[in-house]
Structure formats: C-alpha cells, structure tokens
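To start, the structure under review is shown below, and the notes come after it.
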Amino acid sequence: MKTKRAFFLEAYKLGIIKFGKFTLKSGIESPFYVDLRPLASDPKILKQLSNYLLEILPLDNFDLICGVPYAALPMATAMSLESYIPLILKRKEAKTYGTKKLIEGLFHKGQNCLLVEDVITSGKSLLETIYEVENEGLKVSDIIVVLDRQQGGREKLQEKGYQVHTLFTISEIVKILQEEQQLTEDEVERIHDFLGGHSITFEEKKKTRYEEKLKNIDHPVATRLLEIALQKKSNLIASADVTTTQELLNLAETLGPHIAGLKTHIDIIRDFDYQQTILRLKDIAEKHDFLLMEDRKFGDIGNTQELQFSQGMYKISNWADMVTAHAIGGTQALQSFAQTGIIAILGMSSKSNLTDAHYREEAMKIITNNPNVIGCVAQNQIQDDLLLFTPGVHLTTADDDKGQQYRTPEYVFKKLHTDFIIVGRGIYKAENIEQAALTYKIKGWEAYENAIS
Ligand code: S5P
C-alpha cells in the first residue's frame, strides 16, 4: 500500500476538500468545505480507502458493519467486501409500510456493530445513529471516521465511552497541503484560527504596489529593477535556459523590450566565450534596459563562493546585476557577492523539495541579516521589504515530467503577492517567442494590477 499521505493527495484530486469561504448548515462561515462523496465514484480509491480504514481497527471485535447514511454507505460496503464482516443498512427514516424496519439486513441482538462515518464535526448525527442501532439491541463500541474536522465531535463521543478511530484530521491535511504548497500561509493561519474557535476574516491582504516597495527597499539594484518594471509595465523575468550563445543573444534581443530582467544559467552555454557571449549580452541589456540575473544558486562556503563568483571563465561578478544563492551556507557565506543584488533561494518550485516551513524560517533569519539580499525566490508570501521572484509560472498549469510545478500569473500575484514572475519554457519553447513574452508581460501586469486593487 502507498503511504497515507500519497493516498490522500490522490484522493484530494477528486475535489473532496475545498478552501475558501463557505457558509455551513449552521450559518457559520468556514474556511474549508469537506464532501467525501466523490470518493465513491472512483472504485480504486474507494477500495484503497476501505483498506486504510480496516488497517487501523481491531477487526476481531466486530460482528457487523454499518455506515451512517448516506455518505458512508459505500465506504461501509467496501469495508465489508474487503473484510468479510457482514453489512447492515440503516435507513434515514423508518419505512412507513410493511416491516417498518429502521435497520435492514441479518443481525441478532447482542452483536457488536462497527459504525462508519465519513466526516465527524459535532458528532450529532453519529449519536443519533448510535442511539438507533443500540435501540435494536445491538452493541456499538467503536466508530471509524475518515476525516475529523476537529470541532469537538470526537471528544463528545469518547466521553460517552465510544472508541473513535480517525484516518485523517483536518490539521493533518492542512499540513500536507501546506507542504505541497497548495495552501498559502494566510489560508493556513485562517484555518487554524477557525479550528481554535477564534473569529476569522476572509479579507485578503492586498499586494503592495511597486511604488511602495521602492520606498521600502534601498538597494540600487532593487530600485533599478522596480523602476524598469514601472516604466515598461512589465514584471516579467525571462529565463533563458538555452545552450548556445546565438540562442541566448537572439532571446535577449527579441524579448529585450518586454522584460524587466533576463535570467541566465551561464554554465549551460556550450560555446561560451566572454567576449562573444557576455560583452554582447551586456550591450543588448543596456540597449533594451533590462537587468541580468545569473541563476547560479550558490550553495558553498564563503571562500569557494567568492571564487565561483569572481573567477573562472564566467567572471560573474563582472556582469551580473543579480545572482541567486542558497542560504544553506550560513550568514557569512552569503556575504560573498560584494554589492551585487542577491536573490536568496527560500523555497523551490519542484516537487518534494526540502524547503519546508522550518527551513524557510531559518533561512529567513540569515537572509534578513544581509543588506545585499534584495529578494527571494519563493513559493509563499514574504515580508514587504524584500522582492519576491516566483519561477514555475506557466499559463497552463500542467507540471513537466521532471518535478517542476507550475502556477498561473494570476495565482502567484493574488495568493503569493509575488513581484516578478520568472518564465522559461513558457516563452523560449513557444513557436513565436516574442508573442509569448508579450502575452506573459500583459498577463503578469494585469495580475499585478488585480492584486493591488
Ligand atoms: O525553485 C525554483 C528556482 C528557480 S530559480 N524553480 C525554478 O524553476 N527555478 C528556475 O526557473 C529554473 O532553474 C529555470 O531556469 C526556471 C524555470 O523554468 P521553466 O522552464 O520551468 O519556466
């Protein structure tokens, strides 16, 4: 069996939990909405689910299985099929004719019946079912629940002496989704406030305008980048992941008028030559007024980084306006880049990366210590006195087959409050690269304007 986490992520794709603003039956506004019924529409998932549920139960204790109508009925049926424990069926209302039975199937008094429930909130509907099942002379000792919304139901039932087993709690799920970068920190905070019984607001904080950022950030490179963005109405940084000097220069020349910056991986250029590659690139950058970001992602001790930055054939220190660097080497290591603007790698866009919340928190302490760090590469909101650069942006959000995860410009400006989008294949792999760059420029700017208003 796959891990519980992998199973959840697959099931999540069926749309069983939604995040946003929902009014519950009780009138309360909730930041999430759970409906596990779609699980039954995917036989493979339903079968797997029943096995996960059976795994956590003391199966020898039960003579019968009964689902709380309706959502848990298919789950109870699947569990019965997998475990050979006989199923009984509880009606929502007793028949008004014939036997007037409330419970259907074969059973006799004194048997112990396992109850199955999809979601437990206050526990009220479960208590009703328990009462009705017990009324037929059956015994209920255990209840299995797929998802505990953590709103007191479980405790209430346990106080009454019932053993409640749960496969997932909402906190567990929120943690998984946060780690998978499916939820923003704002959303997570709101959910925790809600679960903690605190009042919540759904107003999203507006993104800070570039003009405001200009006032808060005083590094000359950051200032320049923001000025270019405002003047060109472009927050686009094109990622030039091409492998020849000619392709690199062509991209720079064609995209130049539409971009605020060009991001290079200079070590992938096969025919690199300082004169031919760098001096010409520099000229184009000057002509079209964009900045150069060398995405070297430094990650060594200070002395080595200093050498990698200024020596060798690339001589990055001579030409890059900005460089990317990991904070992993610590505070002093991050001081290797003189006055060049540092973009610290805080969070990565690739699947199963190690930049979790703890890593980011520790990295942030190192980053904020360094006056040359002008911003971060990240997939979450960051503080306002830094610029946020977000790669993994594409208009269609299907991931690639090497772990890259994509989001739309709309999403990253609205949810992450990004300042600059970094787009690679969405542009340089397009049939018409200039048209593609223009599209990303316009979409990026529209998304920015929507996020600030
Ligand atoms: O977390 C990251 C950090 C970076 S800098 N994820 C990324 O994808 N990048 C870089 O952004 C990556 O090295 C590549 O150059 C670019 C994304 O390219 P795309 O083709 O997937 O848009």
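Numbering starts at 1 and runs along the chain as it is shown here.
A Cβ is built for glycine as well, from the same backbone N, Cα and C atoms used for every other residue.
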Annotated companion of K263, S349, Q404, G424, R425 at the substrate site, TrEMBL, chosen from D241, D283, D289, D321: D241
Spatial neighbour of R425 (substrate binding site) that is closest, considering only the binding-site residues K25, T121, G123, R149 and their CA atoms: R149
Beyond the site residues D241, K263, S349, Q404, G424, R425: chain residues whose C-beta lies within 8 Å of the centroid, for substrate: S239, P391, G392, I422, V423
Assigned conformation of K297 (active site, for OMPdecase activity) - DSSP reduced to three states: strand
Sequence-ordered binding-site residues from V119, R149, D241 with Cβ under 6 Å of an atom of ligand 1: D241
Residue from K263, D295, D300, S349, G424 whose C-alpha is spatially nearest that of K25 (5-phospho-alpha-D-ribose 1-diphosphate binding site), among the recorded positions: S349
Spatial separation of D295 (active site, for OMPdecase activity) from G424 (substrate binding site) - C-alpha basis, Å: 12
Candidates R149, D300, S349, namely the recorded positions, that fall within 10 Å of V119 (5-phospho-alpha-D-ribose 1-diphosphate binding site) by Cα distance: R149
